[in-house]
Amino acid sequence: MATQHSRSAAQFMMMPAVVLLLGWMLVPLVMTLYFSFKKYLPLRGGDLGWVGFENYARFLSSSTFWPSVQSTLIIVGGVLVITIVFGVLLALLLDQPMWGQGVVRILVIAPFFVMPTVSALVWKNMFMDPVNGLLAHLWKFFGAQPVEWLSNYSLFSIILIVSWQWLPFATLILLTAIQSLDSEQLEAAEMDGAPPLSRFGYIILPHLSRAITIVLLIQTIFLLSIFAEIFVTTQGSFGTRTLTYLIYQRVLESQNVGLGSAGGVYAIILANIVAIFLMRIVGKNLDA
Amino acid sequence: MGNITLSQVTKTFGDVEVIPPLDLQINDGEFVVFVGPSGCGKSTLLRLIAGLEDVTSGKIEIDGQNATELPPARRGLAMVFQSYALYPHMTVRKNIAFPLKMAKMSEAEIKKRVDHAASILNLSDYIDRRPGQLSGGQRQRVAIGRAIVREPAAFLFDEPLSNLDAALRVGMRLEISELHKRLATTMVYVTHDQVEAMTMADKIVVLRAGNIEQVGSPLELYRTPRNKFVAGFIGSPTMNLIEGPEAQKHGAHTIGIRPEHIEVSASDGPWQGVVGVAEHLGSDTFFHIHDSGLADPMTVRASGEVSFRHGDRIYMTPRTDLIHKFDTQGQRIA
Ligand SMILES: Nc1ncnc2c1ncn2[C@@H]1O[C@H](COP(=O)(O)OP(=O)(O)O)[C@@H](O)[C@H]1O
Ligand SMILES: [Mg+2]
C-alpha cells in the first residue's frame, strides 16, 4: 500500500467487514454490560431493576471466584506448555523422511476433527473410567490400584484431554514452519561445528519462534473459553471450575443473569490481561 | 595445510549414479574450480568433500588423514553456500562468530577474529545489522567472513556468485581471488560459468555427468582441450566445431577452431559465408556467419570496429596451426 489513494481505497474496501465485526462484537458486549448492572432472575421475578455494582461486588467476593481464575490459568498454561513442547517434538519427528509419511500425518491431525464433547466423552469413558477404562486395565495389568483420574487428578485430566485436542493444531503449524526452514542453514551450522542440540537451539527454535507465538496466541483465545470438556466430565467439581464454567453455573443453574453477566465482564478483563501479558512476552516475534 | 585427495569416490542416489568412480588430487594452496553444465554433479562432489553427503564408495583424504567417515565439522573445511545460508535472526557479528562460539573459543579471541574478518571484508559498518537488511553482495561477504574466521584447511564455494548481478559478480570475483592470494589457503570453487573458471582458477576440473573430462590450468584447457566437450565448454564465444569434408582434409572427424583464431576479410580467404548477427562489443566484434558449408553458424571475432553488414559476403582464413583435431570418439588427435 504505497500511495494515499491505494490506502484510502483499502480502508474503504475493509469497511463492510469492520462494520459487521464491530456489530457482531458490540451487540453481545453491550447486552452483557446492560444485564450486569441489573438484578435479573428469569424464573424468580424477571427484571427486578438496576442495582449498580452489586453484581460485580458479589461475583468478586464469592468464595468461588479466585479459585476459578486460578484453575482457568492452570488449564490454559498447562495445555499451552504441553501442546507447544510436544508439538515441536512431533513436528521434528514428522519432518523426518519416513515410510508412510502421508498416512501418519493425517493420523496425527485427526484428533482436531473430533468434536470437544465427543473427545471428552471418549476420554472419560474409554480411558479414564476407574472400572472399565483402558488406563484402569493397564494399571491392573501391572498390579496397581486403578487411578480415579477425574476425581483425584481432575485438573491434570482436563489438561490432558484438552491438550490431546489441541496438539494436532500446534503440530501442524509448527510442522509447516519447520518445513520452511532452509536446509542449507542447517548444513551451514553443521559445518560450523554445531552439534544437533545446538542446531536445534540456535537455528530451528529461533526459526520457529514466530509459529510458536501464533500457536500461543490462537490457543489462548480458545482455551480461555473451554467448556464442553468440563461439562461432560467433572461438571466443574474437584477444582475444575473455570471462570467460564462459573459463569455458566451462575446464569443457567442459579438462573441469575445479572450475576453471570458481571462474571462475563470479569472474563473479558481476564482475557485482556492475559493477552497484554502474552503480547509483552512474545509479541516482538511477530514483527517481521 | 589443505591437501585433499579423492580416490575412486562414487556417489549414487537410489539407482542413479551421479558420480562414477573418480580420482582427484587437490594440492595445498591451490585454487581449484569445478566447472561443468548444470546437473553434472559439481555440487554433489563438493558436498562429498564437505561431508554433507556420504560417499557410496571410495576414500577421501584430507592432509593425509582418512576423512571418509568424519562428520563435516571435524574435517576442518568451511563452506560458502549458494544461498549464503546466513542465520537470519543473528546479527552479522553473531553470524561470523557462530563457528568460533561452537568451537568454545574465548569471548576476547572471538571478538578479535570477527573484527579482523569484518575489516578484511569491509563489513565493519554493518556488523550489527541482520542479514535481511543487507544487499546481496554484503550477504555474500558475511558468508565468506563466517568461513574465514575458522581458519579452515580449505574453503569450499558452491556457485557463490550466481545470485549477484553482473557488475557485482565481476567485483566479487576479484575479491575472492584477492582473498585467495592473501590467505594462500586451498579453495575449491564450483561454478557453471567458464569465465569464472578461467579467470580465477589455478586448476580447472571440467566435469560432465560426474566424469572428470580434463584437469589442468586454464591455459592448458584453452590450448589443448582433451576432447570435443572441453573444447566446446572452455572459451567464449565457444569454439567452432566443423565436421565433414573440411575436417577430413585435416585427417580428423571433427576440427575445432576458436572464433579468435580466424581472420576475416571482404575479398579473399579459403572459407566464405554470409554475415548474420553481428555483436559489437567495442573492443571486439563477433560475427555469426551462415551458409559457409562448415558449421552453422560459424562464429568469428574481429578486433575493433569492422564494418560488415547483415547479408554481406565474408571471407575467413583460419590459423591452421591453431586448429584442433578430434577423432570419431571426440578425443583429441595429437
Ligand atoms: N539428494 C539428491 N537426491 C537425488 N538426486 C540428487 C540429489 N542431489 C542431486 N541429485 C542429482 O544429482 C545430479 C547432480 O546434481 P548436482 O550435483 O546438484 O549438479 P550441479 O551442482 O552440477 O548442477 C542431478 O541430476 C540431481 O538431480
Ligand atoms: Mg549445483
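Cβ coordinates come from backbone N, Cα and C, glycine included.
TrEMBL annotations:
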type     : residues  : note
DOMAIN   : A:69-278  : domain 'ABC transmembrane type-1'
TRANSMEM : A:12-37   : transmembrane segment
TRANSMEM : A:73-94   : transmembrane segment
TRANSMEM : A:106-123 : transmembrane segment
TRANSMEM : A:155-178 : transmembrane segment
TRANSMEM : A:211-232 : transmembrane segment
TRANSMEM : A:263-282 : transmembrane segment
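Between the transmembrane segment (A:106-123) and the stretches A:12-37, A:73-94, A:155-178, A:211-232, A:263-282, Cβ pairs under 8 Å are most numerous for A:155-178.
Below 8 A, the CB atoms of the transmembrane segment (A:263-282) and the transmembrane segment (A:12-37) form 3+ pairs separated by six or more positions in the chain.
Across A:12-37, A:73-94, A:155-178, the stretch most heavily in contact with the transmembrane segment (A:211-232), judged by Cβ pairs under 8 Å, is A:155-178.
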